[in-house]
Amino acid sequence: MTRKILVTSALPYANGSIHLGHMVEHIQTDVWVRFQKLRGNECYYCCADDTHGTPVMLAAQKQGIAPEDMIAKVREEHLADFTGFNIGYDNYYSTHSPENKQFSQDIYRALKANDKIESRVIEQLFDPEKQMFLPDRFVKGECPKCHAQDQYGDNCEVCGTTYSPTELINPYSAVSGAKPELRESEHFFFKLGECADFLKAWTSGNNPHDGKPHLQPEALNKMKEWLGEGEETTLSDWDISRDAPYFGFEIPDAPGKYFYVWLDAPVGYMASFKNLCDRIGIDFDEYFKAGSQTEMYHFIGKDILYFHALFWPAMLHFSGHRAPTGVYAHGFLTVDGQKMSKSRGTFITAKSYLEQGLNPEWMRYYIAAKLNSKIEDIDLNLQDFISRVNSDLVGKYVNIAARASGFIAKRFEGKLKDVSDSALLAKLTAQSEAIAECYENREYARALRDIMALADIVNEYVDANKPWELAKQEGQDERLHEVCSELINAFTMLTAYLAPVLPQTATNAARFLNLDAITWTNTRVTLGKHAINKYKHLMQRVEQKQVDDLIEANKQSIAAAAAPAAEESKYEKVAEQASFDDFMKIDMRVAKVLNCEAVEGSTKLLKFDLDFGFEKRIIFSGIAASYPNPAELNGRMVIAVANFAPRKMAKFGVSEGMILSAATAEGKLKLLDVDAGAQPGDKVG
């Protein structure tokens, strides 16, 4: 039976560029959607730009243009980036749309009629110069706990403390610099606490389609923390309103009050799908009515679970709609084992990747090869990226077609032999359902491992039968025809298995194979006596220079923007990188050990996560013999060289500095002590 499925990715915010972190999610979603379509299911993939809120309003003001003009331009840029990575949306829309306004207001009215909305007077900080109430992130000041300067109004990035903006010491507006005033305002709240019983049942429940949980195990555990145990709940009611001036939709019957962006953003899924339905004739209500038998899945980042697994299902249910079938969260992307960094050039934008001429399907494959169904961070190791793409895609996969196609064209007029009884092909077809199950369950890493294992079997068959030698031997034409036909059929099957991940390659391969399209059926049937076209090279190798140029391009793109940020820091500028010969120029700083742990595979190294005050870094130090229990160093202050050139530590990662230690008479290395009162970032000397 054909399944009817609606799938979404989280909506990118309309005030920044798309980077590879965004691509993790959209590639994960796109692979799943393409697999469903290959299987013959009726599956729609909808997304949109998330366009409302204070940041968008202020960014447009800064550019001197209307918010509507800015978000239209940003949407074009976002869609171009996603399209460049072969993300196949059925509709990419905007939350600033008539459909979204209507749905947002309808849901609000339904919740209000269901006694799930109430108004309260609250106190907020107000910018007297800009005449606007300030969101938490637009208030800065001194942390009330650690007294770090220039911290946001909701949490301290130095000590991690959370607080309300009214608790900041010497607060100021990040918009104008003015001292904010505390004023009262009427706000509207969604009574989320009253939805706890429904949410406890939904979050721990299973979907009726296949009995699988609505949430991943890790997400369910987090929900239990937020929902509380038994009849008690820790859920707070949710402020869904903001005061003018605000770029968004005005709340019905409440002049000057606007829906908070997180109310209308998920409603954007409905709006995008409704826009698609109206264009191509789909029954929208069949997908969103209460009790719908269709499926609806949301792919999101782990940082927005709260909104998608609590607010959104409750909003839908108590406004008379269906709740999601499943909410699937993924982890964050690191590059070479570290958080993406603009200064290191590893904050890689999608646009820069495409402009540097790198094949988007290289990155699609690499990311998919790291993804599974768990909420785990994944790492883009640039050297591994080069070697894996070259080995798997070029060496193992496309090379099969390259090695066999020439003989078929030259010796057999481009026509294949019927090899439906091939033992080799039987091995490939036998894995069809197992690989399909991996894709279905979002176990892409396992699927690709299994596919490459099949490619290994095919390449072993090539080496064992040596078609280039058969071509030289008299009387071996029939055998040559058979072997090369098996290889072309094997290539077709592998292409079908890889098609969700490599859609453009599959399209190009279909032209070579003289097929209208590649479908999942091609994993189970042979081509028979079929004529193919002349082979054209399907994929180039990744070159080291391409990756080096990509990193350099991203460094250069942020150089101008980074300079002002460095000048605004309260800390002295870190000196230029120094070698050992320039030791006297070395810039030493106090750093706090956030975490210290042994390095797997090394008996000498310890890995330090350090807070320098102005930024966090990872440094490896060869002092493991002196500190058999590295956790005892957590919280300690150390002295580190802040401008020592980063070094790649074999397979362990990049060390961004050097920790100073003293060598004892016994040959032990001991960390230098720092007197009480010294703070992370203080200069030593």
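Each position is counted from 1, following the chain as shown.
Each residue, glycine too, has its Cβ placed from N, Cα and C.
Sequence-distant contacts of Cys156 (Zn(2+) binding site), defined by Cβ-Cβ distance under 8 angstroms and a gap of at least six in the same chain, are Cys143, Lys145, Cys146, Ala148, Thr162, Tyr163. Reduced to three states, the DSSP call for Cys156 (Zn(2+) binding site) is coil. Look at Swiss-Prot and you will find Cys143, Cys146, Cys156, Cys159 tagged as Zn(2+) binding site, backed by sequence analysis.
The ATP binding site annotation in Swiss-Prot covers Lys342.
According to Swiss-Prot, the feature domain 'tRNA-binding' maps to 582-685. Across the domain 'tRNA-binding' (582-685), DSSP helix (H, G, I), strand (E, B) and coil residues number 11 helix, 43 strand, 50 coil.
Residues annotated as motif ''HIGH' region' in Swiss-Prot: 12-22. Among residues of the same chain six or more beyond the motif ''HIGH' region' (12-22), those with a C-beta under 8 A of the stretch's C-beta atoms are 49-51, 53, 55-56, 59, 70-71, 74-75, 77-78, 81-82, 94, 332-333, 335, 340, 347-351, 353, 363, 380.
Per Swiss-Prot, motif ''KMSKS' region' is recorded for 339-343. Each residue of the motif ''KMSKS' region' (339-343) gets a DSSP state, and the totals for helix, strand and coil are 0 helix, 1 strand, 4 coil.
Excluding Cys143, Cys146, Cys156, Cys159 themselves, the residues of that chain whose CB lies within 8 A of the CB mean position for the Zn(2+) site are, in sequence, Pro144, Lys145, His147, Ala148, Gln151, Glu157, Val158, Gly160, Thr161. In the three-state DSSP scheme, Cys146 (Zn(2+) binding site) is classed as coil. Cys159 (Zn(2+) binding site) and Lys342 (ATP binding site) have their C-alpha atoms 23 Å apart, to the nearest angstrom.
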